[in-house]
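Engineer: Take this structure first; my questions come after.
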């Protein structure tokens, strides 16, 4: 096709997008995965800026929503299956696998992922699933901690969080000093970064439901992480996403699992209180 | 040396300085009553270049948030902020310049719009961008020149 013919086609696409942009509400649909109904809308906890917390699933295109709703079609389930293999594989000097102590994850890890981050009394800081895995590997298995975003770290985290599929997110902020970290995370959520001068809240609170280019801005919830993303064709961990968002403001990125990003994880996870864990969610 | 020689040397120096100083540095731009009265460069903006800077994702990327019907060949216009159709009917060029330079000085500190010629930015700016505005002074003038063509009223 010549450029002369293509031009009107692109013009039409542009026009359609403009038309769609006018109707930018999250969809009013039910999400059921493996016969488990997901809570995608929940009354917000006290002190939340919104009345209702909304799963990012409600903001995605129909094809993306359908892919997440069908575990056979969801490419993120490959990471979950890989995580199951790792769960049962002996590693480290102690000759143990995860299963050596925790047996069947379907029982021992049920609903666990919905309660993290928790307070790590020894380290005196919050601990998420990734760091809890590392702690087990080092202290109990005699294995090396994972490098950030190592394939095994993302797969095992996905597998463990998937055992909470459908369970509403519920952290215990009275655990240790989590409340202080929540405060710190809240401050960061509203702090503008980078040359573009955006805070998390600029997009996910002030502009929620609107479009940035083709991207429908959600509340930026953490309940589906790690998620499968079509545009990179792979899994994306929560701290990878945090870093990506901060990079997009043209700022230096904090390190994964740094104090800043752990505080942000505590606060952002709390903002999704009541939403079902959807790991592995599917995004565009 | 004769005083006249000194005099012409001083004039030459002054002219050279004026040429250099014609471009206003980001920290020297005065936003007054929602306007920046003077061109940042002393040169007129080029609307064609302005349309390119406005659409380019690495420059203005204005379409991320604003729709512009005249640029419908560009895919995916955002709706975070008002469409720019007819923007020249609503604002004078001096006001448009102020908004592009630093919208927070026009609409207030809560505005989400970045300041495209401002160094009052967020924390932890990427190292290679420290002290640099998003657009050059001439790009701001070009964008303002393009925006000034977006009229619906006639």
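The backbone N, Cα and C atoms fix where each Cβ goes, glycine too.
Remember, TrEMBL labels are computer predictions, not curated facts.
Pulled these from TrEMBL:
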SIGNAL    A:1-24  signal peptide
DOMAIN    A:82-169  domain 'Cytochrome c'
BINDING   A:98, A:101, A:102, A:136  heme c 1 binding site
DOMAIN    A:184-276  domain 'Cytochrome c'
BINDING   A:200, A:203, A:204, A:245  heme c 2 binding site
BINDING   A:241  substrate binding site
ACT_SITE  A:245  active site, cysteine persulfide intermediate
Engineer: If H, G and I count as helix, E and B as strand, and all else as coil, what does DSSP give for residue A:203 (heme c 2 binding site)?
Structural biologist: helix
Engineer: Taking each of the binding-site residues A:98, A:101, A:136, A:200 in turn and counting other Cβ atoms within 10 Å of its Cβ, which one has the fewest?
Structural biologist: A:101
Engineer: By CA distance, which of the binding-site residues (A:203, A:241, A:245) lies nearest to residue A:136 (heme c 1 binding site)?
Structural biologist: A:241
Engineer: Test of understanding: give the count of other CB atoms lying within 10 angstroms of the CB of residue A:102 (heme c 1 binding site).
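Structural biologist: A count of 15.
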Engineer: What whole-number distance in angstrom separates the two most remote CA atoms of the heme c 1-binding residues A:98, A:101, A:102, A:136?
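Structural biologist: For the residues that bind heme c 1, the greatest Cα distance is 11 Å.
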Engineer: Express the distance between the Cα positions of residue A:200 (heme c 2 binding site) and residue A:102 (heme c 1 binding site) as a whole number of Å.
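Structural biologist: If we compare the Cα positions of residue A:200 (heme c 2 binding site) and residue A:102 (heme c 1 binding site), the gap is 37 Å.
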Engineer: Just to confirm: which same-chain residues, 6+ apart in sequence, have a Cβ under 8 Å from the Cβ of residue A:203 (heme c 2 binding site)?
Structural biologist: A:212, A:217, A:220
Engineer: For the recorded heme c 2 site, whose residues are A:200, A:203, A:204, A:245, find every other residue on that chain with a C-beta no more than 8 angstroms from the centre of their C-beta atoms, and list them by sequence position.
Structural biologist: A:198, A:199, A:201, A:202, A:205, A:217, A:220
Engineer: Which one is it: of the binding-site residues A:204, A:241, A:245, whose Cα lies the shortest distance from the Cα of residue A:102 (heme c 1 binding site)?
Structural biologist: A:241
